[in-house]
Amino acid sequence: MALTNNLWAFVFGILGNIISFVVFLAPVPTFVRICKKKSTEGFQSLPYVSALFSAMLWIYYAMQKDGTAFLLITINAFGCVIETIYIVLFVSYANKKTRISTLKVLGLLNFLGFAAIVLVCELLTKGSTREKVLGGICVGFSVSVFAAPLSIMRVVVRTRSVEFMPFSLSLFLTISAVTWLFYGLAIKDFYVALPNVLGAFLGAVQMILYIIFKYYKTPVAQKTDKSKDVSDHSIDIAKLTTVIPGAVLDSAVHQPPALHNVPETKIQLTEVKSQNMTDPKDQINKDVQKQSQV
């Protein structure tokens with residue numbers, strides 16, 4: 001087997017499988033919460049649908065490599081299984097509107113889209129040409145997914161808060177990207193290495209931002225508006241794939257309740273109390289008058 005003749009490729013491939021395995025399990029707490037509450041709340045399904053599509057693409061690409069990318073198949077096969085479980089759970093607990101939209105995206109992207117790619121590659125390309133076409137598609141999809149963390153980093157810079165960007169996940173995603181980068185270099189595969197250059201860079205930027213803003217005290221005015229800036233999709237999206245993009249976090253998917261109405265409520269309560277309160281001297285005079293009347 002060609003892979004065993006390259007010690008570094010084998011080492012980085014095994015490390016990449018282990019780290020990616022951990023990253024694939026990152027959404028487990030989210031789905032435990034969904035199962036307990038029997039509701040998907042504000043979470044979205046796009047990250048998991050995208051992750052499944054990415055894993056399917058990389059398996060198909062690795063199958064064209066004559067066994068030299070076997071470790072890509074193992075981790076992405078696990079990814080297909082775990083992402084399918086996530087999607088089934090999500091659809092089971094989603095409301096009707098969300099369920100229908102999820103199934104539409106799943107059908108268009110993972111069934112029709114993937115089937116179209118397979119048909120085009122099988123009918124119109126052969127050998128190294130097919131490998132190049134598939135590699136280009138995989139790189140293009142992975143790079144497009146890398147745009148998701150940019151929205152999260154923008155929120156961090158604007159709000160001066162790292163609430164939506166946990167350091168641990170950013171660290172694991174960065175390590176995973178670096179590992180698969182070296183794996184791609186070891187097997188001399190440009191299509192595996194290239195997306196992870198961007199992944200490693202964005203992961204490093206996320207950790208730097210976290211260190212900068214970790215102890216920054218967020219002004220109240222900014223803190224009340226930051227939930228408006230966070231939108232999902234993040235996606236994450238396909239954050240849990242072999243070619244790991246930047247973190248698109250579940251906390252970003254689930255938007256917290258808006259806080260901008262709280263000060264107004266307090267003001268209203270204060271006004272009500274002030275209207276109901278009477279001056280102590282006036283109250284004493286009224287009591288004296290009542291006693292004199294008696």
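Note: Cβ is positioned from N, Cα and C throughout, glycine not excepted.
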According to Swiss-Prot, do Lys65 and Val156 sit on the same side of the membrane? no
Residue counts in helix (H, G, I), strand (E, B) and coil for the topological domain 'Extracellular' (64-69), per DSSP? 2 helix, 0 strand, 4 coil
Please check if the transmembrane segment (70-90) comes into contact with the transmembrane segment (43-63), where contact means 3 or more CB pairs closer than 8 Å and the residues in each pair are separated by 6 or more positions. yes
Flag the pair the transmembrane segment (8-28) / the transmembrane segment (193-213) as in contact if three or more Cβ pairs fall under 8 Å (sequence separation 6 or more). no
